[in-house]
Amino acid sequence: MNADHKRFDYLEILRFILAFLTMTWHYYYFGPSVGTIDATPVHGFVIRFFSFSVEIFFIISGFIITASAVNRSPVSFLIGRVARLGPCLLVCATLSLAVGLLLGRWPTPLSYVASILIVPLAFTNGADWSYWSLRLEIIFYAVVFVTMCVANIRRSVLWIALLLTSCDVLSIASVKLFGNDVFGTAMSQYPVERYLSFFAIGMLLYQLMVAKKISIATVGALSIAVCAGAFRCYEDANRIAKLVGDTHVSAFTGGAILAVGIVAFIGFLRGTTSPQAARIFAALGSTSYPLYLIHQNMGYLIVGFVDAKLGHGIDSRPFVMIGMVLLAGGIALYLEPVLARQYRRFLTYSATTVSLAWARMPGSKRSYGDAD
């Protein structure tokens with residue numbers, strides 16, 4: 001199969017597994033540790049590292065967005081990203097607002113509006129704590145989109161990956177040399193530069209495994225990105241350990257976390273010849289996005305509400321988790337597709353209108369009418 005049209009159906013399963021592991025981490029480790037869930041945290045060796053599912057998500061994003069960008073025009077890429085993020089954010093942010101109003105803790109109007117408008121999430125918090133990772137995704141999409149507008153994206157993948165990795169490495173070096181991150185964004189407790197190497201890893205794996213552009217530069221860039229990513233895993237594991245009062249981890253553990261993530265990613269990097277299996281995998285993958293967006297704050301509120309009503313004789317978390325998966329599946333399979341069609345129709349019409357207006361301007365020689 002041509003690299004441009006190669007399928008990666010099993011990645012959809014991995015995306016669902018990662019979203020489910022993130023929910024498990026919040027309900028059984030992080031939530032109880034910080035007091036948002038009234039239960040004893042599970043301190044098993046494995047569950048404390050389920051939070052790094054998000055970093056693997058970033059690797060997948062770097063890979064998939066590269067695969068998407070090399071086959072699209074800039075306008076088509078932008079419309080595809082907005083139509084992917086927008087409908088789910090509209091539904092999930094509204095659900096978070098509604099449940100919060102009912103149970104006594106709701107997002108601010110600013111965070112709700114930022115969530116449904118998408119772009120403001122790059123600069124401010126969203127309707128749920130879990131939206132922090134969308135800041136990284138949106139900035140990454142913007143970098144890819146701008147590159148597509150000014151250069152050949154196929155020839156620029158390595159350069160984008162080097163740029164992302166360089167920002168991360170400079171951030172690490174500045175802390176070691178100056179005692180603080182002078183290159184850092186300092187936008188939140190999740191500074192952008194600390195996660196850029198994971199996107200770079202995904203992009204470089206695409207270059208090596210799909211585009212087959214194997215070179216010393218690509219392998220060298222991947223090696224640097226992996227080293228930076230391993231350091232960030234070590235750093236983040238200890239940040240969380242300090243926050244929840246858990247034990248310190250070694251640098252070796254940080255490297256092992258990333259190694260497991262990359263091996264899992266590569267292991268799921270294949271397709272299926274069964275149309276039925278492909279549809280099932282796609283449904284699971286689609287469920288992962290709304291599941292990630294709705295499970296945290298809303299889940300904390302629902303678990304607290306149920307426990308207050310029923311007491312602590314029954315652990316409500318497994319039932320809430322099942323409910324979250326079913327709700328996310330309903331959003332992904334029934335609401336998102338309908339809304340996505342409307343988003344895509346409106347955005348395509350807007351892009352075509354702008355293109356026609358631009359083409360009619362005196363002296364204009366360029367048209368962006370490739371939105372479909």
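Using the three backbone atoms N, Cα and C, a Cβ is placed for every residue, glycine included.
If you check TrEMBL, you get these features:
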| type | residues | note |
| --- | --- | --- |
| DOMAIN | 9-328 | domain 'Acyltransferase 3' |
| TRANSMEM | 12-29 | transmembrane segment |
| TRANSMEM | 49-70 | transmembrane segment |
| TRANSMEM | 82-103 | transmembrane segment |
| TRANSMEM | 134-153 | transmembrane segment |
| TRANSMEM | 159-179 | transmembrane segment |
| TRANSMEM | 191-208 | transmembrane segment |
| TRANSMEM | 214-234 | transmembrane segment |
| TRANSMEM | 246-269 | transmembrane segment |
| TRANSMEM | 289-306 | transmembrane segment |
| TRANSMEM | 318-335 | transmembrane segment |
Item checked: Average pLDDT across the domain 'Acyltransferase 3' (9-328), rounded to a whole number -> 93
Next item on the list: Examine the transmembrane segment (214-234) against the transmembrane segment (159-179) and state whether at least 3 Cβ pairs sit under 8 A, considering only residue pairs 6 or more apart.
Entry: yes
Next item on the list: Determine whether the transmembrane segment (318-335) and the transmembrane segment (82-103) share at least three Cβ pairs under 8 Å, counting only pairs 6 or more apart in sequence.
Entry: yes
Check: Considering only Cβ pairs under 8 Å, which range in 12-29, 49-70, 82-103, 159-179, 246-269 makes the most contacts with the transmembrane segment (191-208)?
Finding: 49-70
Note to self: Pairs 6 or more apart in sequence, C-beta under 8 angstroms, 3 or more of them: is that satisfied by the transmembrane segment (82-103) and the transmembrane segment (289-306)?
What the structure shows: yes
Check: Which residues of the same chain, at least 6 past either end of the transmembrane segment (246-269), have a Cβ under 8 Å from a Cβ in it?
Finding: 8, 10-11, 13-14, 33, 43, 48-49, 52, 55-56, 59-60, 63, 201-202, 205, 209, 226, 229-235, 237-238, 240
